[in-house]
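First comes the structure, then the notes that go with it.
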Amino acid sequence: MSNITISQLLALSLAKFNQCDISTKHDLQMIICDVLGVDKTYLYINLDKQLDKNTLKKIDEKILRLLAGEPLAYILGYKYFWNQKLYVTKDTLIPRADTETVVATVLDDIQNKDAQLKILDLGTGTGAIALALAAELANSQVVAVDLYQQSLDVAKKNAQANNITNVKFIQSSWYTNLDTDKFDIIVSNPPYIDLADTNIDQSVKDYEPARALFAADNGLADIRIIISQAKDFLNLGGFIYIEHGFTQADAITALFSQCNFTDIKIVKDLNNNDRCTKAQLGYL
(Lines of atoms letter the chains of each structure in order from A and count residues from 1; the text may use other names and numbers.)
(Lines give C-alpha, C1' and ligand atoms only; values in the text may rest on other atoms or scores of the structure.)
Protein backbone atom coordinates (compact mmCIF):
# COMPACT_ATOMS: atom_id res chain seq x y z
CA MET A 1 0.00 0.00 0.00
CA SER A 2 1.66 3.26 -1.09
CA ASN A 3 0.86 6.72 -2.37
CA ILE A 4 -2.69 6.78 -1.09
CA THR A 5 -4.54 9.63 0.53
CA ILE A 6 -5.83 9.90 4.09
CA SER A 7 -9.38 9.52 2.77
CA GLN A 8 -8.49 6.35 0.85
CA LEU A 9 -6.65 4.91 3.85
CA LEU A 10 -9.68 5.49 6.08
CA ALA A 11 -12.00 3.77 3.60
CA LEU A 12 -9.68 0.78 3.10
CA SER A 13 -9.10 0.41 6.83
CA LEU A 14 -12.79 0.64 7.74
CA ALA A 15 -13.55 -2.16 5.28
CA LYS A 16 -11.33 -4.52 7.30
CA PHE A 17 -13.59 -4.29 10.35
CA ASN A 18 -16.72 -6.40 10.76
CA GLN A 19 -18.42 -3.51 12.55
CA CYS A 20 -17.85 -0.24 10.70
CA ASP A 21 -19.52 2.10 13.18
CA ILE A 22 -18.77 5.65 14.32
CA SER A 23 -16.60 4.35 17.16
CA THR A 24 -14.36 2.38 14.78
CA LYS A 25 -14.02 5.36 12.47
CA HIS A 26 -13.12 7.57 15.43
CA ASP A 27 -10.45 5.10 16.56
CA LEU A 28 -8.93 4.97 13.07
CA GLN A 29 -8.89 8.75 12.85
CA MET A 30 -7.18 8.97 16.25
CA ILE A 31 -4.49 6.51 15.12
CA ILE A 32 -3.80 8.52 11.97
CA CYS A 33 -3.72 11.76 13.96
CA ASP A 34 -1.34 10.22 16.48
CA VAL A 35 1.13 9.03 13.84
CA LEU A 36 0.98 12.32 11.93
CA GLY A 37 1.11 14.40 15.11
CA VAL A 38 -1.97 16.41 14.14
CA ASP A 39 -5.52 16.98 15.40
CA LYS A 40 -8.80 15.90 13.78
CA THR A 41 -9.39 19.35 12.30
CA TYR A 42 -6.18 18.96 10.29
CA LEU A 43 -7.35 15.52 9.21
CA TYR A 44 -10.71 16.80 7.95
CA ILE A 45 -9.20 19.55 5.81
CA ASN A 46 -6.38 17.36 4.47
CA LEU A 47 -8.23 14.19 3.45
CA ASP A 48 -6.59 14.39 0.01
CA LYS A 49 -3.08 14.50 1.46
CA GLN A 50 -0.92 11.60 0.26
CA LEU A 51 0.91 9.52 2.84
CA ASP A 52 4.45 8.23 2.36
CA LYS A 53 5.52 4.62 2.84
CA ASN A 54 7.07 5.04 6.28
CA THR A 55 3.99 6.83 7.62
CA LEU A 56 1.69 4.18 6.16
CA LYS A 57 3.75 1.43 7.78
CA LYS A 58 3.44 3.05 11.22
CA ILE A 59 -0.30 3.56 10.79
CA ASP A 60 -0.84 0.00 9.51
CA GLU A 61 1.00 -1.47 12.51
CA LYS A 62 -1.34 0.33 14.91
CA ILE A 63 -4.44 -0.56 12.87
CA LEU A 64 -3.47 -4.25 13.04
CA ARG A 65 -3.43 -3.95 16.84
CA LEU A 66 -6.88 -2.37 16.73
CA LEU A 67 -8.13 -5.20 14.50
CA ALA A 68 -6.84 -7.69 17.07
CA GLY A 69 -9.06 -6.07 19.68
CA GLU A 70 -6.48 -4.05 21.59
CA PRO A 71 -8.03 -0.97 23.22
CA LEU A 72 -7.22 2.34 21.53
CA ALA A 73 -5.75 3.82 24.72
CA TYR A 74 -3.03 1.16 24.84
CA ILE A 75 -2.26 1.65 21.15
CA LEU A 76 -1.92 5.41 21.56
CA GLY A 77 -0.34 5.17 25.00
CA TYR A 78 -2.68 7.73 26.54
CA LYS A 79 -6.28 8.57 27.40
CA TYR A 80 -7.91 11.89 28.27
CA PHE A 81 -9.66 12.07 31.64
CA TRP A 82 -11.06 15.25 33.21
CA ASN A 83 -9.27 17.34 30.55
CA GLN A 84 -5.94 15.78 31.46
CA LYS A 85 -3.86 13.67 29.11
CA LEU A 86 -2.95 10.55 31.07
CA TYR A 87 -0.33 8.04 30.00
CA VAL A 88 -1.51 4.44 30.22
CA THR A 89 0.36 1.15 30.06
CA LYS A 90 -0.60 -2.51 30.29
CA ASP A 91 0.01 -2.18 34.05
CA THR A 92 -2.87 0.27 34.45
CA LEU A 93 -6.60 0.21 33.95
CA ILE A 94 -7.79 2.54 31.21
CA PRO A 95 -9.60 5.53 32.79
CA ARG A 96 -13.32 5.56 31.95
CA ALA A 97 -15.75 8.42 31.49
CA ASP A 98 -17.97 6.77 34.14
CA THR A 99 -15.27 7.44 36.73
CA GLU A 100 -15.57 11.17 36.01
CA THR A 101 -18.97 10.83 37.73
CA VAL A 102 -17.11 10.02 40.95
CA VAL A 103 -14.83 13.05 40.58
CA ALA A 104 -17.80 15.32 39.83
CA THR A 105 -19.69 14.00 42.87
CA VAL A 106 -16.78 14.68 45.21
CA LEU A 107 -16.34 18.21 43.85
CA ASP A 108 -20.07 18.94 44.05
CA ASP A 109 -20.02 18.06 47.75
CA ILE A 110 -17.17 20.45 48.56
CA GLN A 111 -18.60 23.88 49.30
CA ASN A 112 -15.27 25.65 49.70
CA LYS A 113 -12.89 24.68 46.90
CA ASP A 114 -10.13 26.74 48.55
CA ALA A 115 -10.21 24.69 51.76
CA GLN A 116 -7.11 22.74 52.77
CA LEU A 117 -8.54 19.24 52.63
CA LYS A 118 -6.77 15.92 53.02
CA ILE A 119 -7.90 13.42 50.40
CA LEU A 120 -7.02 9.73 50.03
CA ASP A 121 -7.32 7.90 46.70
CA LEU A 122 -7.10 4.13 47.14
CA GLY A 123 -6.02 2.09 44.11
CA THR A 124 -4.95 5.08 42.06
CA GLY A 125 -3.76 3.28 38.90
CA THR A 126 -2.96 6.00 36.35
CA GLY A 127 -3.73 8.59 39.02
CA ALA A 128 -6.91 9.64 37.22
CA ILE A 129 -9.07 10.43 40.27
CA ALA A 130 -6.23 11.76 42.43
CA LEU A 131 -4.90 14.10 39.75
CA ALA A 132 -8.34 15.37 38.75
CA LEU A 133 -9.14 16.26 42.36
CA ALA A 134 -5.70 17.72 43.00
CA ALA A 135 -5.99 19.94 39.93
CA GLU A 136 -9.40 21.25 40.99
CA LEU A 137 -8.48 21.63 44.68
CA ALA A 138 -5.12 23.37 44.57
CA ASN A 139 -4.96 24.00 48.33
CA SER A 140 -5.72 20.39 49.23
CA GLN A 141 -3.25 17.56 49.68
CA VAL A 142 -4.00 14.25 47.96
CA VAL A 143 -2.44 10.93 48.91
CA ALA A 144 -2.60 8.35 46.10
CA VAL A 145 -2.12 4.70 47.01
CA ASP A 146 -1.50 1.67 44.84
CA LEU A 147 -0.20 -1.81 45.56
CA TYR A 148 1.88 -1.98 42.39
CA GLN A 149 5.01 0.11 41.80
CA GLN A 150 4.50 -0.09 38.01
CA SER A 151 1.16 1.67 38.39
CA LEU A 152 2.63 4.29 40.72
CA ASP A 153 5.38 5.01 38.19
CA VAL A 154 2.70 5.78 35.59
CA ALA A 155 0.74 7.94 38.04
CA LYS A 156 3.87 9.91 38.97
CA LYS A 157 4.63 10.46 35.29
CA ASN A 158 1.09 11.75 34.79
CA ALA A 159 1.40 14.13 37.74
CA GLN A 160 4.61 15.54 36.30
CA ALA A 161 3.21 15.79 32.76
CA ASN A 162 0.18 17.73 34.01
CA ASN A 163 2.21 19.93 36.40
CA ILE A 164 0.36 18.70 39.49
CA THR A 165 2.43 18.87 42.66
CA ASN A 166 -0.06 18.47 45.53
CA VAL A 167 -0.15 14.67 45.34
CA LYS A 168 1.90 12.22 47.39
CA PHE A 169 2.25 8.64 46.13
CA ILE A 170 2.50 5.64 48.47
CA GLN A 171 2.90 1.95 47.66
CA SER A 172 0.49 0.10 49.90
CA SER A 173 -2.15 -2.59 50.03
CA TRP A 174 -5.07 -0.29 50.75
CA TYR A 175 -4.43 1.32 54.17
CA THR A 176 -1.55 -0.95 55.26
CA ASN A 177 1.40 1.44 54.83
CA LEU A 178 -0.38 4.65 55.81
CA ASP A 179 0.50 6.52 58.99
CA THR A 180 -2.01 7.64 61.61
CA ASP A 181 -3.06 10.86 59.86
CA LYS A 182 -6.74 11.05 59.02
CA PHE A 183 -8.46 12.30 55.89
CA ASP A 184 -11.47 14.46 55.11
CA ILE A 185 -12.29 12.44 52.00
CA ILE A 186 -11.56 8.87 50.91
CA VAL A 187 -12.28 7.90 47.32
CA SER A 188 -11.68 4.65 45.48
CA ASN A 189 -12.27 2.89 42.19
CA PRO A 190 -11.28 -0.59 43.38
CA PRO A 191 -11.55 -3.95 41.59
CA TYR A 192 -15.26 -4.77 41.72
CA ILE A 193 -16.08 -7.22 38.92
CA ASP A 194 -17.22 -10.66 40.08
CA LEU A 195 -14.72 -13.39 39.18
CA ALA A 196 -17.59 -15.36 37.64
CA ASP A 197 -18.93 -12.47 35.53
CA THR A 198 -19.16 -13.56 31.88
CA ASN A 199 -20.41 -10.24 30.50
CA ILE A 200 -16.99 -8.61 30.21
CA ASP A 201 -15.88 -7.27 26.84
CA GLN A 202 -13.29 -9.57 25.28
CA SER A 203 -10.83 -6.71 24.77
CA VAL A 204 -11.04 -5.87 28.48
CA LYS A 205 -10.35 -9.49 29.47
CA ASP A 206 -7.53 -9.85 26.96
CA TYR A 207 -5.67 -6.61 27.55
CA GLU A 208 -6.48 -4.84 30.83
CA PRO A 209 -4.87 -5.99 34.11
CA ALA A 210 -7.13 -8.51 35.85
CA ARG A 211 -5.81 -7.38 39.23
CA ALA A 212 -7.44 -3.98 38.68
CA LEU A 213 -10.76 -5.44 37.53
CA PHE A 214 -11.75 -8.57 39.42
CA ALA A 215 -12.44 -9.30 43.08
CA ALA A 216 -13.69 -12.29 45.04
CA ASP A 217 -16.88 -12.35 47.09
CA ASN A 218 -19.14 -11.29 44.19
CA GLY A 219 -16.73 -8.46 43.42
CA LEU A 220 -16.98 -7.06 46.95
CA ALA A 221 -13.81 -8.39 48.63
CA ASP A 222 -11.71 -5.24 48.26
CA ILE A 223 -14.65 -2.90 48.80
CA ARG A 224 -15.39 -4.72 52.07
CA ILE A 225 -11.82 -4.04 53.28
CA ILE A 226 -11.95 -0.38 52.24
CA ILE A 227 -15.25 0.30 53.98
CA SER A 228 -14.61 -1.74 57.14
CA GLN A 229 -11.29 0.01 57.85
CA ALA A 230 -12.24 3.50 56.65
CA LYS A 231 -13.31 4.76 60.09
CA ASP A 232 -9.70 4.49 61.28
CA PHE A 233 -8.51 6.84 58.54
CA LEU A 234 -11.44 9.24 58.10
CA ASN A 235 -12.10 12.36 60.14
CA LEU A 236 -15.45 12.59 61.90
CA GLY A 237 -17.87 14.12 59.42
CA GLY A 238 -15.67 13.03 56.51
CA PHE A 239 -16.99 11.34 53.38
CA ILE A 240 -16.06 8.18 51.51
CA TYR A 241 -16.89 7.55 47.84
CA ILE A 242 -16.75 4.08 46.26
CA GLU A 243 -17.12 3.40 42.54
CA HIS A 244 -18.83 0.07 41.83
CA GLY A 245 -20.80 -2.00 39.34
CA PHE A 246 -24.38 -1.07 38.55
CA THR A 247 -25.80 -4.09 40.44
CA GLN A 248 -23.78 -3.61 43.65
CA ALA A 249 -25.28 -0.47 45.20
CA ASP A 250 -27.57 -2.32 47.62
CA ALA A 251 -24.78 -4.55 48.89
CA ILE A 252 -22.47 -1.58 49.37
CA THR A 253 -25.18 0.42 51.12
CA ALA A 254 -25.56 -2.51 53.52
CA LEU A 255 -21.80 -2.58 54.14
CA PHE A 256 -21.80 1.13 54.97
CA SER A 257 -24.75 0.65 57.36
CA GLN A 258 -23.05 -2.27 59.11
CA CYS A 259 -20.00 -0.04 59.70
CA ASN A 260 -22.18 2.75 61.15
CA PHE A 261 -21.80 5.22 58.29
CA THR A 262 -24.61 7.71 57.74
CA ASP A 263 -26.03 9.85 54.94
CA ILE A 264 -25.58 6.99 52.46
CA LYS A 265 -26.42 7.96 48.89
CA ILE A 266 -26.18 6.26 45.51
CA VAL A 267 -25.01 8.28 42.50
CA LYS A 268 -25.85 7.42 38.89
CA ASP A 269 -23.53 7.84 35.91
CA LEU A 270 -24.35 9.48 32.58
CA ASN A 271 -26.00 6.24 31.42
CA ASN A 272 -28.31 6.34 34.46
CA ASN A 273 -26.62 3.32 36.04
CA ASP A 274 -25.70 3.16 39.72
CA ARG A 275 -21.98 4.00 39.66
CA CYS A 276 -20.92 5.35 43.05
CA THR A 277 -22.09 5.12 46.64
CA LYS A 278 -21.03 7.74 49.15
CA ALA A 279 -21.38 7.86 52.92
CA GLN A 280 -20.42 10.04 55.88
CA LEU A 281 -18.67 9.10 59.07
CA GLY A 282 -20.58 10.65 61.93
CA TYR A 283 -23.39 13.14 61.61
CA LEU A 284 -26.57 12.79 59.64
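Count begins at 1; order follows the chain as displayed.
Backbone N, Cα and C define each Cβ position, glycine as well.
What Swiss-Prot says about this one:
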BINDING   G123, T124, G125, T126, G127, D146, W174, N189  S-adenosyl-L-methionine binding site
BINDING   N189, P190, P191, Y192  substrate binding site
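Feature annotations (Swiss-Prot) mapped to structure.
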residue : record                               : Cβ contacts under 8 Å, 6 or more apart
G123    : S-adenosyl-L-methionine binding site : V145, D146, L147, W174, S188, N189, P190, P191, A212, D222
T124    : S-adenosyl-L-methionine binding site : A130, A144, V145, D146, S151, L152, A155, F169
G125    : S-adenosyl-L-methionine binding site : T92, L93, P95, D146, S151, V154, A155, N189, A212
T126    : S-adenosyl-L-methionine binding site : K79, F81, L86, Y87, V88, T92, L93, P95, S151, V154, A155, N158
G127    : S-adenosyl-L-methionine binding site : L86, D121, A144, V154, A155, K156, N158, A159, V167, F169
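Taking the binding-site residues W174, Y192 in turn, the residue surrounded by the fewest other Cβ atoms inside 10 Å of its Cβ turns out to be W174. Largest Cα-to-Cα span within the S-adenosyl-L-methionine-binding set G123, T124, G125, T126, G127, D146, W174, N189: 16 Å.
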